[in-house]
Structure formats: C-alpha cells, structure tokens
Amino acid sequence: MTTTLTPPSSRREDGDGSVQVHQDASLKIEEGALVIAVYGKGGIGKSTTSSNLSAAFSKLGKRVLQIGCDPKHDSTFTLTHKMVPTVIDILEEVDFHSEELQPEDFVFEGFNGVMCVESGGPPAGTGCGGYVTGQTVKLLKEHHLLEDTDVVIFDVLGDVVCGGFAAPLQHANYCLIVTANDFDSIFAMNRIVQAIQAKAKNYKVRLGGVVANRSAETDQIDKFNERTGLRTMAHFRDVDAIRRSRLKKCTIFEMDKDEEGVEAVQNEYLLLAQNMLDHVEPLEAESLKDREIFDLLGFD
C-alpha cells in the first residue's frame, strides 16, 4: 500500500460551508481508543500539557500514542529526550512510497512506553499542514499501529482553526483547550470553540473542557466558562519545575518529587488523565461574539 499526497478535496460540506480537509472513511481511528485533540493559543503550553498528559496516561497503565501536528516538530521531545524525524521528512526520503517504510522509521518510543510521532509539515507558506496530519494517520493505519492503542493525543499547532489544522478534530472524541487567565488566550479559546461547533455537526468530536495553564488565578477563565458552558478540567500554576523540565528535555514525571511543586503537578496530571478515562460528559458550549468577549473580560 502506498501513501500518495494528492490535493485535498474542496467539497463544501463541513461547518459553515468553508473549504476543509475531509476525513477519508478508511482513516477512522478504531473504536475503543480515547482520542484527544489539544488546542490553544500559540505558546500557551500545549506541547508541555500534551506530553505530561501522555506520561500520566502511561502511568495509569494505558498504551499511549502522541502525534505532534506542528511543522516545528517539537511536541514530543520531552518524552523521547530528542528531536525525532518527521513523517513528511521520512516519506520524502522514499519518494512517498510508504510501503518501503518500517514502523521504527517514524514511530519512536518515549518515556514509560509512550509512542511518539511528529507529522511535520510543508515549508512555511506552502501546502496544508492539516493534510499532512491526515497522511500521518493513514500511514499509522497502514502499519496497524493504532490497533493496540488505548489513548491517542493530537498536539495541534497554535490556535489555527482553518480546515487543515482542524483536521485532528475529525478523529477526536474530545478536545481540550489550553489557556491562561488572560484576554488573548481566552479570545483564542473562543475561536477554537467555534471550530469545534462546526466540526461537531459532522464528526464525533466534543468539547472535553479547559486546562488552565501558567495561571495563579482563574477568575477570567471562570467568567468565560460560566457564559459559554465550558468547565476547567485542570489548573496548573506557574511552577518553575515545569519550565525546568522543558530545559532538561523530560516530562514532569521525571523530575524529583522533592522539588517545590513537582508532586502537586504530577497529581494534577494524573487526575486529569483519570477523569478523561472516566468518560467525561461532553460539553455543549456556545461561543461568544468578539465584542461580547471584549465586554465580558477585565476588571470593573
């Protein structure tokens, strides 16, 4: 079987009539796996959250696959302790003849058995990164690498909600949105809610909730949640050990528990993972208009 990159369909069936990358029915991830797409404003800590959440699931005995969906391919380095080659780079080496590849060419084992894939993407300003994500899922299925997986986490580029980078929503059961307690992060979160509302018309994805990150307080997030119907699933304060874990190229679970804040962060990730496994009730949130967010947030 050969993976061939072909132009994505321009059918207008999804969301509000936008041109989007559509899921081939054959690419559906097997029922039984918990599939989570992690979104949020660029630089908010999605890769940190995704990797530590993957590690937490593995600590609970689950078989985990994390798929980095960013051309920077830096999603999984705290799990693998290195920058791994991307799927698109490996495919280019074999002129996109996927039958020449072995799983070990593009899937790398990380901390506590977490399997890691970096989809990569086209050069800046060209192509569709979301379509590359679709090809990554296709390649994983060709090699039967999704059949024995309990949890799949898509770590998605920034807050881009075009048809391409909304593609992981087509595979996901739940979307988690990482945000801080500030206007820009919450504004981006609202746009992501809009994208999920569009995808939920045709796909199974639903909102799982919000991860408050690098925030001492959550008052602004709480305001937004109350108005839209969202909920906060986990709260991570600005703990220096998290920053240092990135510099050490490891997950928070590899840091010394005696360091300040480490054990509390580990426990919060384990609680988040367990709550997601317990089939969290999906949310029917309603996004706000831009002006409504502007008027809602801030101090009296």
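Every residue gets a Cβ built from N, Cα and C, even glycine.
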Candidate sharing the ATP site with Gly43, Ile44, Gly45, Lys46, Ser47, Thr48, Asn213, Arg214 (per Swiss-Prot), from Lys62, Lys72, Lys199, Lys201: Lys72
Which of Lys72, Arg214, the listed binding-site residues, has fewest other Cβ atoms within 10 Å: Lys72
Extent of the ATP binding site in Å [max Cα distance among Gly43, Ile44, Gly45, Lys46, Ser47, Thr48, Lys72, Asn213, Arg214]: 22
